[in-house]
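Database features (TrEMBL):
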- 161-191: coiled coil (COILED)
- 1-18: compositional bias 'Acidic residues' (COMPBIAS)
- 19-37: compositional bias 'Basic and acidic residues' (COMPBIAS)
- 52-69: compositional bias 'Acidic residues' (COMPBIAS)
- 65-273: domain 'Micro-fibrillar-associated protein 1 C-terminal' (DOMAIN)
- 1-74: region 'Disordered' (REGION)
Amino acid sequence: MEREDSSEEEEEEIDDEEIERRRGMMRQRAQERKNEEMEVMEVEDEGRSGEESESESEYEEYTDSEEEMEPRLKPVFIRKKDRVTVKEREAEALKQKELEQEAKRMAVERRKYTLKIVEEETKKELEENKRSLAALDALNTDDENDEEEYEAWKVRELKRIKRDREDREVLEKEKAEIERMRNLTEEERRAELRANGKVITNKAVKGKYKFLQKYYHRGAFFMDEDEEVYKRDFSAPTLEDHFNKTILPKVMQVKNFGRSGRTKYTHLVDQDTTSFDSAWGQECAQNTKFFKQKAAGVRDVFERPSAKKRKTT
């Protein structure tokens, strides 16, 4: 039994030593591998630095070669007479100086001419003033009657004062009439307008226009006084309006046919799409009640808009 125990202990010691030896070998291999990796990295770094230096040298050589390969201008021989020499530069400077002197001379001449014109105009004005003064001195006013002139002036001044007073009275009457009409109620205003109708001056007879006849307005100025010329019939046809255009084809029954400014439509009635046979157009008790009581814009009674106060309770 003791031998067996001792053999087991020896085997365990051998196993521990084997394990320690193996661990040491593994550490050594790892260290060697690490050293190899470090050497490889150093070699790679040296190679990269060498490549960079080589690339820089190649770039410098390439730029030098590019500068050498740039196109150069071909030397051209210029004859002596065609060369810009010192004499030519002196001649050009002399010519420029002469031009400046000429410009100064022209400016002086223009100034003299302007002063001469101003002097002549001044002399003319002085002569005209002298002639006008001489004419005033020669005017004889001894034979005029100052009293008659004063009386005539008084008459003119009185007429002017009377005219201004009448204008002010008319304006005040108009303001008073407007204020009176504003203070009337709706029924009183209607009765007033029926009793005192508007006086229309130069009232002309409204004639009948032909189909596609051109319209002319008689004007709105100078209508405050009756004149026979404003009472003429302005609806009478003229020029091409004497022709009956209803006999023309339908396509030609437009204004300015064949021109760029021709019209597309003739009149609004021709384009009216109202259906008079619809239920809204029928004259019955229901439609009449609706239009008189509820329809907007067609009721018989129109209330004047006013600011209504809210009812407070």
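Positions of Cβ are set from backbone N, Cα and C atoms, glycine also.
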Residue counts (helix, strand, coil, in that order) that DSSP gives for the compositional bias 'Basic and acidic residues' (19-37): 19 helix, 0 strand, 0 coil
Predicted model, mean pLDDT over the domain 'Micro-fibrillar-associated protein 1 C-terminal' (65-273): 83
